[in-house]
Amino acid sequence: LIGSSLFLKEKTNSMQIMGLTIAIVALAGILLEESKTSAESHWQGIIALVSAVIIHAIIYTQCKKRSCTVSVVTFNALPCFLAGLILSATGWFFERPEVSTFSVYSILATLYLGAFAGVFGILCYFALQQKASAFQASLVFLIFPLIAVSLESCIYGYGISTQSMLFIIPLVIGLFLTLFLRRVPVTNGHRDSSSQKANEIAEHAENS
């Protein structure tokens with residue numbers, strides 16, 4: 001939202017900001033509840049994720065602003081592939097993982113994230129950006145964690161807690177406010193005053 005307002009000069013309103021805030025707070029509540037952890041235990045990861053969000057917001061809005069024609073594979077998939085190699089090499093050097101302890105599920109999850117969610121997800125996202133604003137297209141990232149939690153529940157048999165189910169209600173409300181209340185409608189009072197002013201102008205023109 002900030003990137004779209006700063007770089008693309010998209011108009012926003014208080015209802016849209018409130019809806020986005022409600023959705024983000026609800027999503028954070030769902031993730032914290034399902035992970036059964038506290039925010040203090042992973043503050044380094046939170047900082048890294050927030051930094052990635054800021055960088056992505058700047059890149060995507062600038063791409064939208066400049067009508068970027070660079071191939072999606074060149075623009076996103078290849079840099080992500082190189083970043084994955086660097087991250088894997090760094091993890092191998094500092095953490096010394098044991099390949100024998102890798103589970104089949106973890107390997108399949110990595111392949112899914114890299115090949116399916118990483119490549120095809122970005123392709124779909126850029127296709128969506130061509131038909132919607134950058135801010136509207138970015139809202140799909142609020143839905144992805146819900147899909148991940150649902151898949152985890154189906155595969156591992158975990159039940160979604162009652163608190164998480166209740167958090168879905170404000171999440172949907174926040175998305176509704178953000179998507180469908182982009183422009184504050186003109187009130188009846190404004191319509192009446194506008195009509196009265198138009199009639200006065202018409203009468204004055206006739207008298208003249």
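Any Cβ shown, glycine's included, is placed from N, Cα and C.
TrEMBL lists 12-31 (among others) with the feature transmembrane segment. Among residues of the same chain six or more beyond the transmembrane segment (12-31), those with a C-beta under 8 A of the stretch's C-beta atoms are 1, 4-5, 139, 142, 145-146, 149, 163-164, 167-171, 173-179, 181-184.
If you look up TrEMBL, you'll see 43-61 (among others) marked as transmembrane segment.
What TrEMBL records for 44-179 is domain 'EamA'.
The annotation transmembrane segment is assigned in TrEMBL to 73-94 (among others).
Here TrEMBL flags 106-127 (among others) as transmembrane segment.
Among the features that TrEMBL reports, transmembrane segment is placed at 139-158 (among others).
The transmembrane segment annotation in TrEMBL covers 164-181 (among others). Packing against the transmembrane segment (164-181) from elsewhere in the chain are residues 13, 15-16, 18-27, 29-30, 33-34, 136, 139, 142, 146, 149: each is 6 or more residues past its ends and has a CB under 8 Å from a CB in it.
The region 'Disordered' annotation in TrEMBL covers 188-208.
Annotated compositional bias 'Basic and acidic residues' per TrEMBL: 189-208, in sequence order.
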